[in-house]
Amino acid sequence: MENKFARTVLGDIPVEKLGITDCHDHFIKNGGPEVEEHIDFLMLNVDASIKEFKEFIDRGGSTIVTMDPPNVGRDVLKTLEIANAVKNLGGNVIMSTGFHKAKFYDKYSSWLAVVPTEEIVKMCVAEIEEGMDEYNYNGPVVKRSKAKAGIIKAGTGYGAIDRLELKALEVAARTSILTGCPILVHTQLGTMALEVAKHLIGFGANPDKIQISHLNKNPDKYYYEKVIKETGVTLCFDGPDRVKYYPDSLLAENIKYLVDKGLQKHITLSLDAGRILYQRNYGLTKGKQTFGLAYLFDRFLPLLKQVGVSKEAIFDILVNNPKRVLAFDEKRNFDPLKVSKEVLELKKELNLN
């Protein structure tokens, strides 16, 4: 595909303008089911977000991919404020459509549960090609923003894929096929990644446009190698500064292992700083000193170099790989006859139409 582009909230840009990219992060979370888990997920401060983004830019960063889907924190208008504040500094924002893990949706009455897959695909396609709904598909009224989604999210739970999650994976794959839009999947604690990748590919998605997130929380370098070699997808390691799960050194050494195996083209990085105390400027509003997006540059990249990851590999991880995986693909038609037998059998077993 000539003239490869990524879709930001302010319009399509050549992928060469993405620069150093954080492939999975958050600025605004305007409520939703995550807030019931912890109040730190409520993130409404536009000024703090702009300051955080500027610190990211000051250290050489350019693009942030915000992975908040409709009804799980996404705020189109506030994110547009942030994007407009940093556009002249070289900052870009990509937003998502799609879904999170099944835990966040009523299994009987949510629109993910009751609306036919074909219609949900149309709704997601519209968010990518016409504009995101400012009301996040919260009710019967839809108001399209000028801002379009540039990535599709799906999610799975811990150690299992719920039937609604398989439905959301089908929506993501079919939407990607029809629009060329890339996909990123939340896997709870890095489990079910291999199955997620195989299901997406089984529905017809291009593995070159798929990122699987959170495998850093399942620190098994041999599993990473297996997922990449068997499916060809990209792993988004989104967890520097998460010592409650593992030390940074373990993540750095696991990345080094993959690079040494010749798999550096299948790695992206991010901070996934989706809580108030994961960002420096939000932390200050609560009277606390915390790390933030600058941690990637100040602490983690020097550590990658210390463990022996080459500058060339780091450039691939931060620039070349996001440029490839976030570029829109050629549009295709979805052919149900090409869906894998394994996926069709699983749909039947889970009673999915």
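Cβ atoms are placed via backbone N, Cα and C, with glycine included.
Feature annotations, courtesy of Swiss-Prot:
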BINDING   His24, His26, Lys153, Asp272  Zn(2+) 1 binding site
BINDING   Lys153, His186, His214  Zn(2+) 2 binding site
BINDING   Lys244, Tyr245, Arg275, Ile276, Leu277, Tyr278  substrate binding site
MOD_RES   Lys153  N6-carboxylysine
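Just so you know, the Cβ of His24 (Zn(2+) 1 binding site) picks up 28 other Cβ atoms within 10 Å once every protein chain is counted. For His214 (Zn(2+) 2 binding site), the binding-site residues whose C-alpha atoms fall inside a 10 Å radius of its own C-alpha are Asp272, out of His26, Lys153, Lys244, Asp272, Arg275. Non-local neighbourhood of Lys244 (substrate binding site): empty, since no residue in the same chain at least six residues away has a C-beta under 8 Å from its C-beta.
Ile276 (substrate binding site) has His26 as its nearest neighbour among the binding-site residues His24, His26, Lys153, His186, going by CA to CA distance. Here the C-alpha separation of Asp272 (Zn(2+) 1 binding site) and Tyr278 (substrate binding site) works out to 8 Å. In sequence order, Lys153 are the binding-site residues from Lys153, Arg275, Tyr278 with a C-alpha within 10 Å of the C-alpha of His186 (Zn(2+) 2 binding site). When the Cα of Lys153 (Zn(2+) 1 binding site) is compared against those of the binding-site residues Tyr245, Arg275, Leu277, the shortest separation belongs to Arg275. In the three-state DSSP assignment, the secondary structure recorded for His214 (Zn(2+) 2 binding site) is coil. The DSSP secondary structure for His26 (Zn(2+) 1 binding site) is coil. Burial estimate for the binding-site residues (Lys153, His214, Arg275): highest at Lys153, by number of other CB atoms within 10 Å.
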